[in-house]
Ligand code: SAH
Ligand code: SF4
């Protein structure tokens, strides 16, 4: 069997690994041992897993592999941000970003090669869409960052699906990846430290509410449908009212208390007026919500400009006055194009878009 045809065990959660080991006539406790080798000891070679019988090691080597994504480039920004450009084959590249701060290390991961949703202010959207990433390709981003950081005594405390792609258009891979991020035998992160960010794919959001107990960020960016239709075109299909109803379902699901982070990119003269801020207060009233204002990060070909500092402050003051918890995101990793919305990777567009960066 060529390496290409082998099953990449990185993509399998505990349940799937148990099925696989059962099919090999192995006891379930072997799954725990395997996961320890992979996630605790970072061992990718079956031959070195010495508590497995020779026969099992051989069987695994023949049918499976543990393969990390291929790093094409690693960039270091002056503020400590690290960006990995990952080769996903056929001239496609995705990006993963590590953002260190005093009390945490956040890894921003991609879920798709490009994105089909075409938000007007997003450089990933402008590149078009090629394909969904597999669970192994998603988890592989965390593995390879972990691998690099552990030697530098740095750690990943939070994982956010805020890189390239719309995670809720790749539910098949994103949910099992979340399982592994939360699983104590794999990454063991708490549900509050794993965040799925969505532009508002309502049916998927309703499914997610029951399927994975992770944190939710919603890219709102406008407080009325006419403006949101323009900035986030999926709003034409799932308008704000439907989106907020789905948000309420998410908030009421599960056994533990939940909150939502609403992201709002600040675009000069577009969505940053005091009137929009007031509408936003009305829209979010009564919800367990926090707003994160993101100064727009420019990229080539964009017409948008970042809101002025004073405008962002005024906008934030209106939200404060309306009783809404609000933070403004500090832009990080700009010098290596690693800031929010600057991730472009390289995407061989399979959609019929006319609008492209190149
Ligand atoms: N597709 C998902 C997650 C990836 S984008 C989503 O849209 O939520 C992560 C965040 O970056 C989103 O809130 C997105 O709206 C924001 N973003 C996109 N382009 C941006 C830009 N140029 N400047 C600042 N934020 C941007
Ligand atoms: Fe896709 Fe999110 Fe970019 Fe919109 S903001 S185009 S949903 S990646």
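Keep in mind that glycine also has a Cβ here, set from the backbone N, Cα and C atoms.
TrEMBL entries are annotated by machine, without manual review.
Annotation comment: TrEMBL describes 95 as active site, proton acceptor. In the three-state DSSP scheme, residue 95 (active site, proton acceptor) is classed as strand.
Look at TrEMBL and you will find 101-334 tagged as domain 'Radical SAM core'.
For residue 119 ([4Fe-4S] cluster binding site), the count of additional Cβ atoms within 10 Å of its Cβ stands at 22 [all protein chains shown]. Following the DSSP three-state reduction, the secondary structure of residue 119 ([4Fe-4S] cluster binding site) is coil. The [4Fe-4S] cluster binding site annotation in TrEMBL covers 115, 119, 122.
Look at TrEMBL and you will find 165, 166, 197, 219, 220, 221, 297 tagged as S-adenosyl-L-methionine binding site.
Per TrEMBL, the feature active site, S-methylcysteine intermediate maps to 340.
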Cα-Cα, residue 166 (S-adenosyl-L-methionine binding site) versus residue 115 ([4Fe-4S] cluster binding site), nearest Å, comes out at 6
Candidates 119, 197, 220 (binding-site residues); nearest Cα to residue 95 (active site, proton acceptor) turns out to be 197
Mean pLDDT across the domain 'Radical SAM core' (101-334) comes out at 95
Checking the recorded positions 95, 115, 166, 197, 219 for other Cβ atoms within 10 Å of each Cβ, the smallest tally belongs to 197
The number of other Cβ atoms within 10 Å of the Cβ of residue 297 (S-adenosyl-L-methionine binding site), counted over all protein chains shown, is 24
Looking only at the binding-site residues 115, 119, 122, residue 165 (S-adenosyl-L-methionine binding site) has its closest CA neighbour at 115
Cα of residue 221 (S-adenosyl-L-methionine binding site) to Cα of residue 119 ([4Fe-4S] cluster binding site), in Å and rounded, measures 10
